[in-house]
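I have placed the structure first, in the form of structure tokens, so that the comments after it can refer back to it.
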Amino acid sequence: MFPKETTWNISFAGCGFLGVYHIGVASCLREHAPFLVANATHIYGASAGALTATALVTGACLGEAGANIIEVSKEARKRFLGPLHPSFNMVKTIRGCLLKILPADCYECASGRLGISLTRVSDGENVIITHFNSKEELIQANVCSTFIPVYCGLIPPSLQGVRYVDGGISDNLPLYELKNTITVSPFSGESDICPQDSSTNIHELRVTNTSIQFNLRNLYRLSKALFPPEPLVLREMCKQGYRDGLRFLRRNGLLNRPNPLLALPPSQPPAPEDADAQEGAVAMERTGGKDHLPPPREDHILEHLPSRLNEALLEACMEPTDLLTTLSNMLPVRLAMAMMVPYTLPLESAVSFTIRLLEWLPDVPEDIRWMKEQTGSICQYLMIRAKRKLGNHLPSRLSGQVVLRRARSLPSVPLSCAAYSEVLPSWMRNSLSLGDVLAKWEECQRQLLLGLFCTNVAFPPDALRMRVPAGPAPEPPQHPPSSPPC
């Protein structure tokens, strides 16, 4: 599919906690097709895909990266509200994991090869960052690419003085339209490396350049992207990514030779699973890659995953057996903890809010300045829209009230300048400049607009008087003539 004399790219889609699927795919590519990673022109990623792309380009330990994903998901599941709990700081957790796994010269390896998808806050446009000046700048770019508004916080992070949010909002799969781009997505669809769901539904949902087949399994995956599933589910997703990567390499004839799966000592006979893999590869070549290869055994997959990731997957399946964990898993203790949530949650929220406020103090001036600018921009935008809307209704309103008459001839007697000045209003006669006239005109417009929204409810004085029906007027009463005074 991609000969060595051509160029190609690799693009990882954003998927939240399902990024452990990317770890399985990246492990497969690095182990079975290292030339595919080493000779790729660019490796792109958005949101969680940017984290895997960064680890793949910089040569970081993928096993440790996958273990960090599982540990973060387990830490989020411990809380009542999961990742939305006030004490869970996603940005701080991602920054700490990147500081731990990335080497010191990671920015030198990433510049020019790694592309991180970002969404600019000012206009909502997509930006792909490919050059980094330091390790801190590379980490900050990943933090910006994974920052989901409201989910991770209210104030977006900044990179080189510009505010950015999650790159998946504007472009979740960078450069997907190019034919030489290998697209990786944990959602079944039209991506090159993705799960193959046995669904007959042909409907497709395309979300910011990501193809998602409309079926129940994808709906389940979408529900677990922001709220982490159980460790066993993450383990299966990582193994699924490894399987799908192998399927892609076999279908396109990109498996590196000698195959690490088949490299055994001469004295040791091939294992049954290796024989099955050989037979499956031959069957795939005979059928032209149309039939799906049967998935290899789980033990066989776990043997060739990175050792750190293998240990993390095994530890995720084992539950601790200490006394405290046993007591906390008892039903009465769990019921008591659930009943205490209305009392413990406000206390935990207050403590976490205080800690975040102290951590926010160094960035307060810059963030306050940004919020002030955004508030001013929003108010200015609303004023322009309101003025434009009122300006469209004003001419029609005036045309219904003002009647213009066209004169057919000039007046017989020309008016003098004094007569013309008498016709103009007094405020126009007394104005000294054109600016004064325009200011008065705007004042009249405001008074006229205020009059449009006022309703005259005043009644005349005789409106509420009781009127007698019309008829013959009653005769005045006749009084007897009074005797003259003595």
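Numbers run from 1 along the shown chain.
Using N, Cα and C of the backbone, Cβ positions are placed for all residues, glycine too.
In three-state terms derived from DSSP, S47 (active site, nucleophile) belongs to neither a helical nor a strand segment and is classed as coil. According to Swiss-Prot, the active site, nucleophile annotation covers S47, on the basis of sequence analysis.
Among the features that Swiss-Prot reports, ubiquitin cross-link is placed at K92. In this structure, K92 (ubiquitin cross-link) is part of a helix by DSSP.
Residues annotated as domain 'PNPLA' in Swiss-Prot, with sequence analysis given as evidence: 10-179.
Counting Cβ atoms from all protein chains shown, N39 (N-linked glycosylation site) has 12 others lying within 10 Å of its own Cβ. In this structure, N39 (N-linked glycosylation site) belongs to neither helix nor strand by DSSP; it is coil. Here Swiss-Prot flags N39 as N-linked glycosylation site.
Residues belonging to the motif 'GXSXG' (45-49) score a mean pLDDT of 93 in the model. If you look up Swiss-Prot, you'll see 45-49 marked as motif 'GXSXG', on the strength of sequence analysis.
The topological domain 'Cytoplasmic' feature in Swiss-Prot is assigned to 1-8 (among others); the stated evidence is similarity to another entry.
Among the features that Swiss-Prot reports, topological domain 'Extracellular' is placed at 30-42 (among others).
The feature topological domain 'Cytoplasmic' is assigned by Swiss-Prot to 64-137 (among others), with similarity to another entry given as support.
The topological domain 'Extracellular' feature in Swiss-Prot is assigned to 159-334 (among others); the stated evidence is similarity to another entry.
According to Swiss-Prot, the feature topological domain 'Cytoplasmic' maps to 356-486 (among others).
Annotation comment: Swiss-Prot describes 9-29 (among others) as transmembrane segment, evidence class sequence analysis.
Per Swiss-Prot, transmembrane segment is recorded for 43-63 (among others).
Tertiary proximity for the transmembrane segment (138-158) is limited to same-chain residues at least six positions away from its ends with a CB under 8 Å from its CB atoms, namely 14, 45-48, 50-51, 54, 83-84, 90-91, 94-95, 98-99, 102, 106-107, 110, 114, 116-118, 121, 129, 132, 164-167, 226, 366-367, 370-371. Taken from Swiss-Prot, the feature transmembrane segment covers 138-158 (among others).
Residues of the same chain lying 6 or more positions beyond the ends of the transmembrane segment (335-355) and with a Cβ under 8 Å from any Cβ of it are 80, 85-87, 89, 328. The transmembrane segment annotation in Swiss-Prot covers 335-355 (among others).
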K92 (ubiquitin cross-link) and N39 (N-linked glycosylation site), distance between Cα atoms, whole Å: 33
Whole-number Å value for how far K92 (ubiquitin cross-link) lies from S47 (active site, nucleophile) (Cα to Cα): 15
C-beta crowding around S47 (active site, nucleophile), within 10 angstroms: 27
Helix, strand and coil totals (DSSP H, G, I; E, B; other) for the topological domain 'Cytoplasmic' (64-137): 37 helix, 11 strand, 26 coil
Listed in sequence order, residues with CB under 8 A of K92 (ubiquitin cross-link) and six or more positions away: E359
